[in-house]
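Engineer: Quick one: the structure is below, and I'll ask about it shortly.
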Amino acid sequence: MRINSAVQAAIDLTAGAAGGTACVVTGQPFDTAKVKMQTFPDLYKGIVDCFVKTYKQVGFRGFYKGTTPALVANIAENSVLFMCYGFCQQIVRRIVGVDRKTKLSDLQNAAAGSFASAFATLVLCPTELVKCRLQAMHEMQLSGKIIQGHNTVWSVVKGVIQKDGPLGFYRGLSSTLLREVPGYFFFFGGYELSRTFFASGRSKDELGPIPLLLSGGFGGSCLWIAVYPVDCVKSRIQVLSMAGKQTGFMGTFVTVVRTEGVLALYSGLKPTMIRAFLANGALFLAYEYSRKLMMQQIDSY
């Protein structure tokens, strides 16, 4: 049975939402540590020190600051990402001149994922800005950069609107695009290459949960290794702009390298890599199985 484009898009969107939820539930504490270490590298000696200090100062709930916007961000991003991924795969097929049912190569899938990420960025940037600010709010107060912090999603949203207007939610958009577009080339490329390796000549659709988890983890690791310095700059722009006007991507990048050295761009890499493997493994496992389940339900009618 051939599924029409609208139904296929709805399936991809729903499966992407399931994957985004699994990603946040699995990786949120490590994401919080990443943002704290990126924006205030002098406060933490490493991942263990960050976890211990966060627990002592704020308690266990400190690891889940920004979970609501993180859920919104990941569900929105992955819904749009995987929906557009399907469309972009069709565009790639047209460009290379093959039939719409032809399986794309791993490189062609990587290109389709890269194109799709540009659309996902538009929904990701505002929610990620709120998430990052909530995660680093305690450090902003501790460093004296702000007098009074915002402890809820609504208070952060209201603060952005009052200070910068609706466009304030798009602070860090250029650095988010610089991270997403090349990053998702490596993300989907790494995932598809890994699935090809595990399939060993069989259909990729026959892979079990363990190969899918490992393939997703590998894809996520490829993404973050490739674009981590860009993400570090993005986090600083989005968090430190709370205290006043923050320079753009190049200005922030040059300032960090000049005053703190190149290694400062890799602050928080360890929790990021742990999170990347676990969270993206869960993301792709949830995406593939929920998508397969929905496709089977449609085919049964």
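Please read every residue number as a count from 1 along the shown chain.
Cβ atoms are placed via backbone N, Cα and C, with glycine included.
Heads up, TrEMBL stuff is auto-annotated, nobody curated it.
OK, TrEMBL features for this one:
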REPEAT    7-91  repeat 'Solcar'
REPEAT    104-197  repeat 'Solcar'
REPEAT    207-293  repeat 'Solcar'
Engineer: Counting by DSSP, what is the helix, strand and coil composition of the repeat 'Solcar' (207-293)?
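Structural biologist: Per DSSP, the residues of the repeat 'Solcar' (207-293) fall into 77 helix, 0 strand, 10 coil.
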Engineer: Kindly state the mean pLDDT of the repeat 'Solcar' (7-91) in the predicted structure.
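Structural biologist: Mean pLDDT, the repeat 'Solcar' (7-91): 86.
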